[in-house]
Amino acid sequence: MGDKVQTSTAVRGRRKLNEAGLASINNFAQKYAKLGAEGAITEFEELEKEAETMEKPECKAFKENSSRNRDKKNICPDQTRVVLTCNVPPGTDYYNANWIKVPSLDRPFIAAQSPVESTINDFWRMVFQENCSTVLLTGTPKENDSPDFWPQKAGEHCNYKDIFVNNRRVDSYADFSVYKLELLPDACSNSIFVNLVVFPGWLDKDRPKMHTMAFLRCWKQFPGGMQASAPIVVASKLGRGRTGAVLLLHAANVAVTKGQEICLKTILKEFRKQRPGLVATPEQYCWVIMNVLCYYSAKIMDIRDYASAFHESYAKLK
């Protein structure tokens, strides 16, 4: 491909990018077509080395609530943790989740581990307290022998200690399902509604090689417009690898729509200051790049060669 410069002008879809947005994705596509997957892995490894030298955050609440954490290495910094206030006391104020608030995102996010049996109530209290519009779960509750933490069928309801969860509707698609849930804690008069989006095909130890288009359809369930200010919870088994990949993908898309440079390294550094370990493997880092290129190459014809070049190197990863 050499250093040929392509000018992106053909944009499909309802929204057309401005010139700055076109330049943003065009530069991104050229960069990673040239680097390939191996170059992207090197970029990620540089980030990992930098992370080793970062100052360790204070994690007092994490240490005091060891039974509520899935892994002793899955730390939850005090400075950014989501402090529970709903029905506290008698409930605990701790859940293994952190706020992710950076300029590269268009709304606040919460990066969270998925519940264990003893923390289901804490999880839903957090969602209710922060009036979250959407919860995105990658994987399934069955990972690590975890329980189902919501009623599975439309019309079913469960009480998780002092919080009532009612399944109002289920929309099932080929690759994911959307559960419309109603949440109501004891002593509260007004319930809230939240969309739980479950993408079961991406398991913890699974390499996310072939999930690109399937996940993009799931990711488009994120609300926009007037709902864009409501927090979104992104949860996975540990709330690190897959959670971080989803957040990084979303941040890259926000950069394009704002016409800003997409610098994945810079964005991920900021994320990790708020929750260490986000994006856990080089394969997940490459997956983010592939998703960005896949999404925009469907809209912008002139970056397709670049996207194909990266995809070829991505497919060869061992």
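Cβ coordinates come from backbone N, Cα and C, glycine included.
The ATP binding site annotation in TrEMBL covers LYS269. Secondary structure at LYS269 (ATP binding site), taken from DSSP and collapsed to helix, strand or coil, is helix. Remark: LYS269 (ATP binding site) has LEU47, GLU50 as non-local neighbours, by Cβ distance under 8 Å and separation of at least 6 in sequence.
On the 0 to 100 pLDDT scale, the domain 'Tyrosine-protein phosphatase' (40-295) averages 90 in the predicted structure. Per TrEMBL, domain 'Tyrosine-protein phosphatase' is recorded for 40-295.
Residues or ranges marked as domain 'Tyrosine specific protein phosphatases' in TrEMBL: 213-286.
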